[in-house]
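A.B. asks: According to TrEMBL, the protein has these features:
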type: TRANSMEM; residues: 36-58; note: transmembrane segment
type: DOMAIN; residues: 54-291; note: domain 'Rhodopsin'
type: TRANSMEM; residues: 70-93; note: transmembrane segment
type: TRANSMEM; residues: 113-136; note: transmembrane segment
type: TRANSMEM; residues: 148-169; note: transmembrane segment
type: TRANSMEM; residues: 191-214; note: transmembrane segment
type: TRANSMEM; residues: 226-250; note: transmembrane segment
type: TRANSMEM; residues: 262-284; note: transmembrane segment
type: COMPBIAS; residues: 319-329; note: compositional bias 'Polar residues'
type: REGION; residues: 319-366; note: region 'Disordered'
type: COMPBIAS; residues: 351-366; note: compositional bias 'Basic and acidic residues'
Amino acid sequence: MRAPWGRPLHSKDVRHLSCQRSTKSDRMVAQPSTTAIIAGCAISLAVAVATLILRLITRLHIVKVFGAEDAFLVAALALSVGHITGVVYQIRFGLGMDIETLDADRLVLFLKALFWSILCYVTGHTLTKISILCLYTRVFRSTSMQRIYPIMLAIIAIHGLFLIFTGIFNCTPVQAFWDITLPRNCLPRDAMWFSNAGVNIATDFALFITPLMFVKTLKMPKKQKIGLYVVFLLGLFGCIISLVRLYYLYYGAQANDVTRDLAGVSMWSVLELNVAIVCASLMVMKPLVARLFPALFAPPATTNSYPFSYVTPLTVSQRGATEQRTSPESIIDSPPASRGGVSLGLSPSMDEERHPASSTEHVQKA
């Protein structure tokens, strides 16, 4: 078919998305079929929805607390649905097909769907990381973690806003992204893709590694500590998917055909976002598992540790060195009626044990 302006459609019409250099690696990487993409979207979304529902049951029905991290994750799931909707429309309008086989009208619709998918992906991924960091900020009360996580939160929020802004204004004018008849001035594609992917992967690994560094310092039974390691090691799966996506992104950047060679990137972007939502949901579901399988989380007969059912800020207050507070807002993974078992709770004296000088000084000032 011919374009409405009387010439055949070619990849140069989308030069803001397609690389124009010739390369033998153009077809080296096998792209997933549209059937595989749809299956990946459906299965990963179903798992993400199921785990988020279980998280909400845990938070609202058992723990009876709904925090900002929960709201961010619900919004991230809504954006994941929007992202998948965009990918499905991309398939309908030519994803996985050679660009020369498409007419101009279908290409415009494909690019509109791609534009929508990009915005949903970057926003959803940012909100998922913010949700995890909001949880970490409340859970890890040590001085070092309270310094690290706000900085990470600021970096991720600023980078997320940058991604959203550059996603919208990738081309000037904005509609030139999908209207291939307009003159355009677009951001360099390769530089944007790889710099953004690099920051995303770096923050993924930071979210995965930092809690593991802290868990080893906790004074708790070995069984409970292993449970915490398992929870946080789930983040490694998300990091692996991010690396696979980068692999497809690298070869997609060398290709000439935006509709054919972004199939793998589209599928792994969906999987990356949904797996991140699943991992974030599983982090706070200990109370539900404990209710279903109480024997798994039975506390030892004697222990010197504070019950790990609450996330306890518990520093020495200005009213006295012995005053300790447990706010309902700090409960993340156990109902008030339950006082034992593995959770993301900390020992109330942990900071004081690691920083005795600062704690003594605080008492004297009080």
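Positions of Cβ are set from backbone N, Cα and C atoms, glycine also.
Unlike curated entries, TrEMBL annotations are predicted automatically.
Walk me through where these features lie, including what they touch and how far apart they are.
C.D. replies: Only residues 6 or more beyond the boundaries of the transmembrane segment (36-58), in the same chain, are considered here, and those with a CB under 8 A from a CB of the stretch are 70, 73-74, 77, 80-81, 84, 87-88, 91, 95-96, 263, 266-267, 270-271, 274-275, 277-278, 281-282, 284-285, 287-288, 333.
Nonlocal intrachain contacts for the transmembrane segment (113-136), taken as residues 6+ away from its ends with a CB within less than 8 angstroms of a stretch CB, comprise 17, 67-70, 72-73, 75-77, 79-80, 82-83, 85-87, 89-90, 92-93, 145, 149, 152-153, 156-157, 159-160, 163-164, 167-168, 170, 177-178, 196, 200, 203, 207, 210-211, 262, 266, 269, 272-273, 276-277, 280, 283-284, 332, 344.
Residues 29, 193-194, 197, 200-201, 204-205, 207-208, 211-212, 215, 218, 264-265, 268-269, 271-272, 275-276, 278-279, 282-283, 286, 342, 344 of the same chain lie 6 or more positions beyond the ends of the transmembrane segment (226-250) yet place their CB under 8 Å from a CB of it.
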A.B. asks: Over the domain 'Rhodopsin' (54-291), work out the mean pLDDT and round it to an integer.
C.D. replies: 90
A.B. asks: Counting only pairs 6 or more apart in sequence, are there at least 3 Cβ pairs under 8 Å between the transmembrane segment (262-284) and the transmembrane segment (70-93)?
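C.D. replies: Taking Cβ pairs at least 6 residues apart, the transmembrane segment (70-93) and the transmembrane segment (262-284) are in contact, with 3 or more under 8 Å.
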A.B. asks: Could you tell me what the rest of the chain brings near the transmembrane segment (70-93), counting residues at least six beyond its ends with Cβ under 8 Å?
C.D. replies: 34, 37-38, 41, 45, 48-49, 52, 55-56, 59, 102, 106-107, 109-110, 113-114, 116-117, 120-121, 123-125, 127-128, 130-131, 134, 266-267, 269-270, 273-274, 276-277, 280-281
A.B. asks: Counting only residues 6 or more past its boundaries, what in the same chain has a CB within less than 8 Å of a CB in the transmembrane segment (191-214)?
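C.D. replies: Distant contacts of the transmembrane segment (191-214): 122, 125, 129, 132-133, 136, 140, 142, 145, 148-149, 152, 155-156, 159, 163, 166, 170, 229, 232-233, 235-236, 238-239, 242-243, 245-246, 249-250, 253.
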